[in-house]
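The structure appears right after this line, and notes come after that.
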Amino acid sequence: MTPDPPTLLGCSAVIFLLLGVHFILSELSSRRWSRMAWYAAPFLLGSASGLFFIIPTMLPGLWGLRLGALFMVMAYGAAWQALRVMLGCQARLVLLVSGCGLSFILSVLAGPTGLFHVISTAFRLAIIAAFHALAARDLQQKAPIRTPARRSLLRLLHFYAALHLLLVPFVFWLPAPLGAAPATIWAVTTYNFLVVIEVALFALAMIAIPWEQLAFRQQELILQDPLSGGSNRRAFQAWLENDGKICAHEALLMVDIDHFKSINDAHGHAVGDQIIIAMGRVCTDILYPPTVLFRIGGDEFVVVFQCGSLDEMLATAHRLKKAFSTETRLIGGGAVTATLSIGAALCPGRGIPRTELLAQADNALYIAKQSGRNRVVHAPWDERPAPAQHISLADRTAHQA
């Protein structure tokens, strides 16, 4: 059975129209009119394009086909803008209008055959490829959260950008709408199938990506300590349970705010909260990504960062201790003296389990506190388990879990 191109195009146009209506209705309650318009525009423009291709004779001469091609290019450009709006960026109207306008001008100058027709078709394919590539670039740069829908959409955009670009050198020989030669049923069917698949996957991604990003942000909030801005004990437990070999040249600091309970009792919890906030701020200023800060107790922190040597680790720990004392000097009207005790451990080049590195740092912290506090103690590799009266952090974590 031979497929009927007008029927195929008509079904596609109806699908696009329904998707456009869906996005209009889904955004009505939010009253974000601009976003609603951009979300619906690619599908409504695609539906209009299909209508002109189904009944090109509704306008004299080649104007029906020209407008169909214009709306098709505009649909791809609007899809790029809808993606930008979804990512919280401004629409690029100048680039959209320039590309679509130039494509339309070339189609007006071109006849049904000839060199200008070939040039116009090649330019239209190149513009569509460019819209795909720009959308992929924005998705990669503006949506750093690598959710499944984001990855799928990125692959889709790369595939269709490459596909349209690969068609350009063969535009003279390929039948329309794949090229500039007279249209054939197989070419119309193939292109229509590719467009429908892309539109369906794009619509699903536009629905899924915001939900995935929301879920990711909620998960971040669940694992975040609200005062320090670092990760909380639940995140620390998850990090600890991932007990493979830790990266070489990675340092772990066990940090304890000295006499924090006494400070809370003497000056109130508001002052204590300011001290916790100061700890997070100091870590942000002193250490750089991919540093991880965990607040694992009221006054206990774990800091993990990349480090090349023992001297570098100790220098960083001392900078952290000094910066914290300076940062907290004015808290509570200058009446608070807050210091840190730090136990430091550096992962050897061969790598060791995280629990072992943690135990070394925890034991070093115990020694720092027993030695008078307000100091940094580092753990040698052959360090034995902590004294019997010391309950290690790993044991406390296992008990609380």
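Including glycine, each Cβ sits where the backbone N, Cα and C put it.
A TrEMBL annotation is a machine prediction, not a hand-curated record.
The transmembrane segment annotation in TrEMBL covers 6-25, 37-55, 61-79, 91-109, 115-135, 156-176, 188-209. If you look up TrEMBL, you'll see 248-381 marked as domain 'GGDEF'.
Tertiary proximity for the transmembrane segment (91-109) is limited to same-chain residues at least six positions away from its ends with a CB under 8 Å from its CB atoms, namely 38, 66, 69-70, 73-74, 77-78, 80-81, 84-85, 116, 119-120, 123-124, 127, 130-131, 134.
If you count C-beta pairs under 8 angstroms between the transmembrane segment (156-176) and each of 6-25, 61-79, 115-135, 188-209, the highest count goes to 115-135.
In the domain 'GGDEF' (248-381), the DSSP tally of helix, strand and coil residues is 61 helix, 30 strand, 43 coil. With a threshold of 8 Å between CB atoms, the same-chain residues lying at least 6 positions outside the transmembrane segment (6-25) that come near it are 36, 39-44, 46-47, 49-51, 53-54, 188-189, 192, 195-196, 199-200, 203, 206.
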